Amino acid sequence: MAKPLTDSEKRKQISVRGLAGLGDVAEVRKSFNRHLHFTLVKDRNVATPRDYFFALAHTVRDHLVGRWIRTQQHYYERDPKRIYYLSLEFYMGRTLQNTMVNLGLQNACDEAIYQLGLDLEELEEIEEDAGLGNGGLGRLAACFLDSMATLGLAAYGYGIRYEFGIFNQKIVNGWQVEEADDWLRYGNPWEKARPEYMLPVHFYGRVEHTPDGVKWLDTQVVLAMPYDTPVPGYKNNTVNTMRLWSAKAPNDFKLQDFNVGDYIEAVLDRNLAENISRVLYPNDNFFEGKELRLKQEYFVVAATLQDIIRRFKSSKFGCRDPVRTCFETFPDKVAIQLNDTHPALSIPELMRILVDVEKVDWDKAWEITKKTCAYTNHTVLPEALERWPVSMFEKLLPRHLEIIYAINQRHLDHVAALFPGDVDRLRRMSVIEEGDCKRINMAHLCVIGSHAVNGVARIHSEIVKQSVFKDFYELEPEKFQNKTNGITPRRWLLLCNPGLADTIVEKIGEEFLTDLSQLKKLLPLVSDEVFIRDVAKVKQENKLKFSAFLEKEYKVKINPSSMFDVHVKRIHEYKRQLLNCLHVVTLYNRIKRDPAKAFVPRTVMIGGKAAPGYHMAKLIIKLVTSIGDVVNHDPVVGDRLKVIFLENYRVSLAEKVIPAADLSQQISTAGTEASGTGNMKFMLNGALTIGTMDGANVEMAEEAGAENLFIFGLRVEDVEALDRKGYNAREYYDHLPELKQAVDQISSGFFSPKEPDCFKDIVNMLMHHDRFKVFADYEAYMQCQAQVDQLYRNPKEWTKKVIRNIACSGKFSSDRTITEYAREIWGVEPSDLQIPPPNIPRD
C-alpha cells in the first residue's frame, strides 16, 4: 500500500507550474470571459467599457504573475546583490499596453478582443495614468525600472503609493486650474497589497542616552502598508517589483489619549496619520520645506530600510532562523541608489539602525553606509536644493538630528585636517548651514554619505564638479561620475510608434529593441529613396492620427501638412517657454506685415503643468492661451500658424504627441537643464531638435553631428561671461525692432484686450530681472528657426536628417544608462539569462 503523503509533500502540489498561461487567442478569450463573469461579476448585458478593460487587465496580469513568482524564487535561490532604487516619484503612466508589449502578448490580445467585438485601443484609453511623479525625475525612475528588469538585475523600486498623483490640469478662460487626480477611484488591477509585510515608522518622541546605548522613546507610530506592482522585462520572463508604501494608522491610534471617552474623535483623527501618503507634492525644481513633505521622505526611507534589512537577514519568508546577523557583507548584497536628495534620510537612518539597533560600532557602520549608498544629483538650480530647518528635525526626528550632527562633526574634522586654517571652506562644506534659521543641506549629506555621486549628462556632471560640489570634488574626486540619462525604447518607440518600429524592423531586425546601438545599421539607408519615403509616410500617418485626436478632444482643427512644432515639459522660467512665445508673436507679425509672402505653415503646440503656487509659470500658460486666441482667429493668418496649448500633458499624452512631432524644442538656458529626456524621445521618434547646448542636447549633437540639429544661443561659458559683465535686457529690446514689437504687444494688452495689464509681471521680469536671459538668445533663435523653415521646404532633405538622428540615438537607451550604473556604481553585471516560464520545470 502506498505510503500516505506528509503535509509538506502534499503542499508540493501548490505550484505555479500547473497553471496554464495565455498560449493563444482562444486562451485569451477564455480568460477574458472568466474574469468578466467571475472576477467582475458582470455579464455582457450590464458590462461597461471599464469592465471590459478590467477583464483584459486581469487576463494579462494572470500571464504576468507566474513569471513574477518565478523571478522572486530565482532571486531567493541565487541570492544575488540586490539593487534598491529609492525615489519619491515613479511616473509610470499606463500599464496594460506596456505589459502586453513586454510579454509579447499584444497580437493575441488584439485578435481576441477583436473577435469579441471590442476595440483594444478603446479599452487601453480607459486606463488611468499612474501619475506618481511631476516630470522628468519620476519618468526616469519608471524607465530605469523597465531597463533593470530587461537586464535581469535583482532590482526593486521603492516609493510612496500616493492616493492622489500629480493634479489634472484644466484650462479655464486660459488659466490653469488644478483638479485632484483620484487615480485609484476605480481600483488598480496591477497592485497587490502585502499586509504581512506592514512595518512601523516612528516620528517625534525624545532621545535617551543609556548605558545600553541610545533609545528613541515616546514616538508616534504610523504603519507602512506595502503595495507591490510587477515590472516585466522585455521578453525575458523576468518580472521585478515596485513596492509602494501607504500610510495606515495603528489600531490603538490616539485611543489612549481619549480615555475620557471621545472614541469617535480618536477614530476620525486616524486621517492625520494616513495623510502622509495622501498626495504627491506638485513642485518640480522647487523646494518648499513643508513638514508633511519631510514626513513623506522619512516614511519611505524608514519602511524601505526595514524591508531591505529583513531581506538581507533572512532570505525566505517564513524562515525563522536569521541567515545573516553580521553586517560586514551588507554592501556586497545591497546597493541603495538615492534618486535626488528626497531619500537622503537613508544615510542617517541606516546609521541609526546599525549603531542603535544592531550595535555596530560607529566607524564600521559609517563604512557600511558609505559603501551601500550612492546619490544621483538632478538639478543645479539653487531654489531646488533641499535645505530643511534644524528646528523641524528637532521636533520630528530628534535622533536623526543627533546622527547628522555627528556625521558633520567627523566630516569637518577631516576637512580641517586636510585644509588647516581654511575656515571658509569648513563653512561651505558643512551639512549644517548657520544663519537666522539653521538648516540641513541634504545634498551635502548625500555627497558625504555616498561612495558615488553622479550627474545625469556630461555637461551637468562637469557643472556638478566645477561649481555645485566643487569643494567636495577637490576632497574626493574619485567619487564623482557621469551617467547620461536614457529612455526605454520599449515604451518610447515600440509601444508609442509601432509604424516606425515596424519600418525599422523590416530593415535591421528586432535586436535594436534590447540593444539600441544597433540603430547605427540605419546609417547606410540615409539616402535610400524607399526608406526615406517609408519614414516620411509613417510620420504623416502619425500626424493625421494626432490631428484627429486633437479635433476630437480639444475641438480644434489643424492643418496636418503643417510643421508640428512641439514644446512639452513642465512650465518653468528656465525652460523658456517665453522664448517660444516671442518667436510665435514675431511670426504672427511677419504674416500680418506681408500676407502675400509664402510662409511655412506651423502648428505650435506647447504643453505642461505649472506648480500650483508658481505665479510666473501660471501666467506663462495664460500668455500661451491668449496668443492662441488672437492668432487662431485671425483670418489673415488662416492655417499658416496655429497655437495650441496641450491641456493636462502626461505620459499617455506624450505617447501620442511625440511620434507626431516634426520639431522638438529644447531651449533651456545653457547650464540649467541637467539632462532632459523628452529631447531623447523626440529624437528616437523622428523629430528634429532645435535647442541650446544644454543637458543631453550636447551629447545628441555629438552623436548625430551638430549639423543635423538646429543648435543656437549662448553656451555655458557665454552665460557665465554675461553674468560677470551684467545682463542688460534693455540693450536687446532697444536694438531688435521685432523683439521690441512683440514685447510691446504683450505689455500693452494686444493679446489681453479685456485685461491690458494681465502680463505686466512677465514683461517686468523679462526687462529687469530675467535670470534665464531670454532676450540674449532671441536673435539667434529667430535665425535658427528660419533655417528650420528652409529645411522643412525640402521634405527629402528633412527626412534624411530625421533618419540620421534616429540612427544615432542608440546611446540614449536607459539600458545603456543602467548597464553603466550596474558596472560602475552598484558592482553587478547585467544578465541575459532567460528565467524559465512557469509551465517549464526549473533546473
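Each residue, glycine too, has its Cβ placed from N, Cα and C.
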Looking at Swiss-Prot, Asp43, Arg310 are annotated for AMP. Which of Tyr156, Tyr197, Tyr204, Tyr405 sits in that same site?
Tyr197
Look up Lys395, Lys569, Lys681 in Swiss-Prot and give me whichever carries the note N6-(pyridoxal phosphate)lysine.
Lys681
Closest of Cys143, Tyr156, Tyr197 to Tyr76 (site 'Participates in a stacking interaction with the adenine ring of AMP'), Cα positions, recorded positions only:
Tyr156
When a 10 Å sphere is centred on the Cβ of Ala2 (N-acetylalanine), how many other Cβ atoms does it contain?
4
Mind checking which of Tyr76, Tyr473 has the fewest other CB atoms within 10 A of its CB? They're the recorded positions.
Tyr76
Go through Tyr156, Tyr197, the listed recorded positions, and name the one with the sparsest Cβ surroundings, counting other Cβ atoms within 10 Å.
Tyr197
Distance in Å spanning the most remote Cα pair of Asp43, Tyr197, Arg310, given for AMP:
45
Candidates Arg310, Lys569, Lys681: member of the recorded positions with the richest Cβ shell (10 Å):
Lys681
Once the DSSP letters are reduced so that anything not helix or strand counts as coil, what is Tyr156 (site 'May be involved in allosteric control')?
strand
Neighbourhood of Cys109 (site 'Involved in the association of subunits'), C-beta criterion under 8 angstroms, separation at least six:
Val28, Leu56, Thr59, Val60, Met100, Leu120
Can you tell me the three-state DSSP label for Cys143 (site 'Involved in the association of subunits')?
helix
How big is the gap, in Å, between the Cα of Arg310 (AMP binding site) and that of Ala2 (N-acetylalanine), rounded to a whole number?
41
